[in-house]
Amino acid sequence: MTSPSPRIQIISTDSAVASPQRIQIVTDQQTGQKIQIVTAVDASGSSKQQFILTSPDGAGTGKVILASPETSSAKQLIFTTSDNLVPGRIQIVTDSASVERLLGKADVQRPQVVEYCVVCGDKASGRHYGAVSCEGCKGFFKRSVRKNLTYSCRSSQDCIINKHHRNRCQFCRLKKCLEMGMKMESVQSERKPFDVQREKPSNCAASTEKIYIRKDLRSPLIATPTFVADKDGARQTGLLDPGMLVNIQQPLIREDGTVLLAADSKAETSQGALGTLANVVTSLANLSESLNNGDASEMQPEDQSASEITRAFDTLAKALNTTDSASPPSLADGIDASGGGSIHVISRDQSTPIIEVEGPLLSDTHVTFKLTMPSPMPEYLNVHYICESASRLLFLSMHWARSIPAFQALGQDCNTSLVRACWNELFTLGLAQCAQVMSLSTILAAIVNHLQNSIQEDKLSGDRIKQVMEHIWKLQEFCNSMAKLDIDGYEYAYLKAIVLFSPDHPGLTGTSQIEKFQEKAQMELQDYVQKTYSEDTYRLARILVRLPALRLMSSNITEELFFTGLIGNVSIDSIIPYILKMETAEYNGQITGASL
């Protein structure tokens, strides 16, 4: 019996054997037969080799004797069975490689080919997403792409990625995955795991469309959105949904197709870990939501919850690069003038102290306001990226407010009340100041077209569409007007101070003191404008007249447009106290003690 291209051929068998047995080499493809491993002994009995003996019906046992080879390319196997004492002889002729394989020596003597991960150098498990990689890098790349995660590098974006240090910098690890040939589209084309959607209150829209924007990279104002229906996505609720993608990629594109966002090295120093803010906000939001719901069945043990909060605050503290200062000073202690004017109590009655600032309310350090966008930047900007960018701007704004000595002097309770009342105005001023960095016009244009398509599919009520469209129009109009005025960094800083120290918000205490700080901010802004723009007589009036427009914008819609995709139904107001408590001595101690 022969095969078309046999590696082993049976030349002859002894005809005296009535029911001859057969020697069979079993490969991975041969299954379904009962096999028995037996020992073959040569004629002298000095050596033994194992073979597989089987009969057509899988029954019977036998003894296999390995005889001396008659030629250099042949070996003899002599076997007997329990019901037949006459030995049968099978001569197997093969090449030397097959002989070694038959004797079980090939796998031992021949070195195995081992492939190594092109990303970290660990032992590879195969080719994944277009590159030979290990299970660790395969899983990391898959998670990063599927969850649209964004990372930041604390160094100069050239960290060493190897088996032992691959977890130290996620930014550089993802960057190397892309450089070594891993393809994002290979992950996105896989079948995604079944995800049970939680029921959430309806917000503004329920859509799974993806928005692709074809545009001149140098001109974000002429974007032309194109809608592509995502048939596989589950319906989501909210003005922005996870299936929505916006292409606002920057001109910095590598030859290998990797899209990166150029970051200012100095800004990266002060905002090195801001890429983790989305995770911090999510952790705090989920914890706050669990506490508010009182769901004991899903709550973790108390010590684990405390540990989660500790890690979240520690991450946030590192991200904002807080200094090793002591706890916020009391009114009587005074504040060092390095961050602005020194604070002194000039008079005190039985109720509240009166505070006066010696020197300027703001220093040159308060003028710097550099927002570092997440990177690497995806080709099609998704909701997670928009929310992450917005969270960076929000936290940067609050960090700026906390750095003002006069603000610190008001105390924690007053700080929380002020920020809760004006966070939307501070955030909007930040949007106007960073509109070019964020490509704000492109994002808003995409949202508008997304909402228009929602109207056609009856996903939103007419009243709700009108409210949201009016809000977006007001936001765009405000940003455009500030761009026309060409507001500089000093003017933006003083405008934010005027907004921050607004005494007319309901529920505030110590309004007279807050009003004093606001008046000082207005006077310093006036002095600056008169000295810097002396030829523009009405510049100050044109700037101040823009502030009332901030009060016309709904904080609820701002929250839904920029943050709902990140924190769900948890309000920004509930997160503000966590952020403002970071400067206590407890969390300053954690900054140096814990590692990210």
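From the backbone N, Cα and C atoms, a Cβ is placed for every residue, glycine too.
Swiss-Prot marks one residue of Ser68, Ser327 as phosphoserine, namely Ser68. Residue ranges 117-137, 369-389, 411-431 are listed, and Swiss-Prot annotates 117-137 among them as zinc finger. Range 153-177 is the one annotated as zinc finger, of 3-27, 28-52, 153-177, 278-302 (source: Swiss-Prot). Residue counts for the DNA-binding region (114-189) under DSSP, split into helix (H, G, I), strand (E, B) and coil, are 27 helix, 9 strand, 40 coil.
Looking just at the zinc finger (117-137), the mean pLDDT is 90.
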